[in-house]
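Student: In case it's useful when we look at the structure, here is the feature table from TrEMBL:
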- Gly14, Ser15, Gly16, Lys17, Gly18, Thr19, Arg131, Gly176: ATP binding site (BINDING)
- 34-63: region 'NMP' (REGION)
- Thr35, Arg40, Asp61, Leu62, Val63, Gly89, Tyr90, Pro91, Arg92, Gln96, Arg137, Arg148: AMP binding site (BINDING)
Amino acid sequence: MTASARLLIVGPQGSGKGTQGVRVSDAFGVPVVSTGDIFRANIKGGTELGAQVSEITARGDLVPDELTSEIVRDRLSEDDAANGFILDGYPRNAVQVGHLDEFLGARGVALDAVILLDVPREESIGRLQLRAHEQGRADDTVEGIAHRLDIYEKETAPILDVYGERGIVDRIDGVGSLDEITERIFAALAARGLAVAA
Ligand code: ADP
């Protein structure tokens, strides 16, 4: 049986969201929906969407909310997301929270938990500089990294207050080994009755 879990993983750039998101996805049997990955795949594939977003993402600015939310709505409407999903990189500001609330509310469901990976800014910057070497992402320049972290602090961190009021935020210490962090996440989810499928 697949466990049902509607999750959001949030954290600054370099917090390990992508890696941990995949681990949670595997354990719960729900797909990862990563807006960054969707945009990058479209840029690589030379699609119309890719052309629309390539300059924006290279600058580290946010893609317009309407466009981003439409893409997420389409993805969450696919069959494999019917029982759950883990969102990575969306919502990223208050407007997108509203869009997601509307979408889920219309289906009579809601997020079960928001996993916040807590990592200090200096640690994020160090990890991203390493990733820049390894992956050569267009937005992993010194300026790009600082700009994205600024947007995170200004626009994304405040959404945690909204979800915090709903009592669904699990703050996880994001410093440690990958396995330690995964264990912390599973323990927090288990405490909410969200158990990993056997
Ligand atoms: P990072 O978290 O390292 O910035 P992501 O892979 O999550 O990387 O996102 C890469 C880029 O894709 C962002 O800088 C932004 O341009 C765009 N993007 C991703 N998610 C969103 C979103 N929810 N809203 C607007 N733009 C987004």
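Glycine is no exception: its Cβ is also placed from the backbone N, Cα and C atoms.
Note that TrEMBL annotation is computational and uncurated.
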Student: Quick check on the binding-site residues: of Ser15, Thr19, Thr35, whose CB has the lowest count of neighbouring CB atoms inside 10 Å?
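Tutor: Counting other Cβ atoms within 10 Å of each of the binding-site residues Ser15, Thr19, Thr35, the minimum falls on Thr19.
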Student: Any of the binding-site residues Gly14, Tyr90, Arg92 with a C-beta atom under 6 A from ligand 1? Give them in order, or none.
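Tutor: If the test is a Cβ under 6 Å from any atom of ligand 1, the answer is Tyr90, Arg92.
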Student: Given the binding-site residues Gly14, Gly16, Thr19, Gly176, which one's Cα is the least distant from that of Asp61 (AMP binding site)?
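Tutor: Ranked by Cα distance from Asp61 (AMP binding site), first place goes to Gly14.
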Student: So among the binding-site residues Gly14, Asp61, Arg92, Arg131, Arg137, who's got the most Cβ atoms within 10 Å?
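Tutor: Per the Cβ count, the most surrounded site is Gly14.
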Student: Determine, from DSSP, whether Arg137 (AMP binding site) sits in helix, strand or coil.
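Tutor: The residue in question, Arg137 (AMP binding site), is coil (DSSP, three-state).
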Student: Let me know the DSSP-derived helix, strand or coil state of Gly16 (ATP binding site), please.
Tutor: coil
Student: Over all shown protein chains, what is the count of other CB atoms within 10 A of the CB belonging to Gly176 (ATP binding site)?
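Tutor: I count 13 other Cβ atoms within 10 Å of it.
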Student: Record lists Gly14, Ser15, Gly16, Lys17, Gly18, Thr19, Arg131, Gly176 as binding ATP; longest Cα-Cα distance in Å?
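Tutor: So the binding residues stretch over 17 Å, Cα to Cα.
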Student: Taking just the CA atoms, what is the gap between Thr19 (ATP binding site) and Thr35 (AMP binding site) in Å?
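Tutor: Between the alpha carbons of Thr19 (ATP binding site) and Thr35 (AMP binding site) there are 15 Å.
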Student: Which residues of the same chain, at least 6 positions away in sequence, have a Cβ lying under 8 Å from the Cβ of Tyr90 (AMP binding site)?
Tutor: Val33, Thr35, Thr68, Ser69, Val72, Gln96, Leu100
Student: With DSSP as the yardstick, break the region 'NMP' (34-63) down into helix, strand and coil residue counts.
Tutor: 22 helix, 1 strand, 7 coil
Student: Near Val63 (AMP binding site), how many other Cβ atoms are within 10 Å of its Cβ?
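Tutor: Around the Cβ of Val63 (AMP binding site), 18 other Cβ atoms lie within 10 Å.
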Student: Which residue among the binding-site residues Lys17, Gly18 has the fewest other Cβ atoms within 10 Å of its Cβ, if you could check?
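Tutor: Sparsest of the binding-site residues Lys17, Gly18 by Cβ contacts within 10 Å: Gly18.
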Student: Using Cα coordinates, what distance in whole Å links Ser15 (ATP binding site) and Val63 (AMP binding site)?
Tutor: 21
